[in-house]
Amino acid sequence: MDLYEYQARDLFEKYGVPVLPGIVADTPEEVRAAAEKLGGVNVVKAQVKTGGRGKVGGVKVAKNPDEAEEAAKAILGLDIKGHVVRRVMVSGGARIAREFYFSVLLDRANRSYLSLTSVEGGMEIEQLAVEKPEALARIGVDPIAGVDTTKATEIARAAGFPEELVSKVADVFVKLYDVYKGEDATLVEVNPLVLTEEGEVIALDGKVTLDENAGFRHPEHEELEDKAAADPLEAKAKEADLNYVKLDGQVGIIGNGAGLVMSTLDVVAYAGERHKGVKPANFLDIGGGASAEVMAAGLDVILNDPQVKSVFVNVFGGITACDAVANGIVKALEILGGDANKPLVVRLDGNNVEEGRRILTDANHPLVTLALTMDEGADKAAELAAK
């Protein structure tokens, strides 16, 4: 789960990372009040879960409350890479002498953690990695040993920090790692980490991604989820405990097992090239227990997507036999009734497949078409979606 900047800032403050004062606001009037409370020069920053805000007018400096209110009027409602700004943070200003970069993230390839650090912060890290890879220090972090003062000092020196700053930035690195470890994050990033003209080291902007698989250890993280901004279909699927990701196509996909669903997406995309370029509309993995209720919940989510024109149900019977899946589909269609109004192509294979096909054939539902192979099913679903 990606956090907004203000949420990351609050976590930083919790762990003792030096940050500027900040107040969240939803209206220009609230922004004015926040600027009056903070006093001095402030920065009004769009709260969206994407980068590049400053390049499109999502970050504005305000010298007084009037300017802060006007900045909010310009920023609120702004579309930044598909993210509509509904909230801003009014942050205190800082006189910046230098900008740095620091992050710690999950290194999946090496089954470890990795710190990325540079004395050239402020620019996008992807751009820095391409244009000046030598300016980015990559230091592995042992998940058991973590980042203590000794390790943080090693990181700071490897990145080329001036010796007089090493102890200061090392202290901040330790605290940022504490955020990473303590909150079960997969990414903690500060860009920029700044040195002010007064000699302070401050996290000026922050990005945090939390591991949702560790949510059982952090019930408080549920409060960080922005349900209002979530895709309504994804929110509905989450309530039903379904593994669903919305895409931009026209063929709804239901399968059991992430590998099979991913393969189905590829086959449907390939078939769509022959049928007006239609594409998969979603990823939906119903898992091993394809009960009537689970199937109904999955179909309910997909059929409520106005972009979906057809649905491809692709199931390989294993622990859950194909006859149980077929009964689930029939009962799901009964449960949904008139809400089931788009054609379904069903491909079953594996355990008890013949009985599963017989059940669907005997049901003779007008919306259901049986396919013997995945390729055949994908082609038929793409054809129906293209009509």
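Heads up, residue numbers simply count up from 1 along the chain you see.
Heads up, the Cβ atoms here are built off N, Cα and C, so glycines get one too.
Taken from Swiss-Prot, the feature domain 'ATP-grasp' applies to 9-236, supported by sequence analysis.
Taking the Cβ of GLY54 (ATP binding site) as reference, no residue of its chain lies under 8 Å away while being at least six apart in sequence. Sequence annotations record features per position, and here Swiss-Prot assigns ATP binding site to LYS45, GLY52, ARG53, GLY54, ALA94, GLU99.
The feature Mg(2+) binding site is assigned by Swiss-Prot to ASN191, ASP205. Using a 10 Å Cβ-Cβ cutoff, ASN191 (Mg(2+) binding site) registers 23 neighbours. Mapped onto three states, the DSSP output places ASN191 (Mg(2+) binding site) in strand.
Secondary structure at GLY318 (substrate binding site), as computed by DSSP, is coil. Per Swiss-Prot, substrate binding site is recorded for ASN256, GLY318, ILE319, THR320.
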Please find, for ASN256, GLY318, ILE319, THR320 as listed binding substrate, the greatest distance between any two Cα atoms, in Å.
11
These are the binding-site residues: ALA94, ILE319. Which one scores highest on other Cβ atoms within 10 Å?
ALA94
Please list residues from the chain of LYS45 (ATP binding site) whose Cβ is under 8 angstroms from its Cβ, counting only those at least six apart in sequence.
GLU5, ARG53, GLY58, VAL59, VAL88, MET89, VAL90, SER91
Please tell me which one of the binding-site residues listed here (GLY52, GLU99, ASP205) sits closest to GLY318 (substrate binding site), measuring Cα to Cα?
GLY52
Using CB atoms and a 10 A radius, I'd like the single residue among the binding-site residues GLU99, ASP205 with the highest neighbour count.
ASP205
Distance in Å spanning the most remote Cα pair of LYS45, GLY52, ARG53, GLY54, ALA94, GLU99, given for ATP:
20
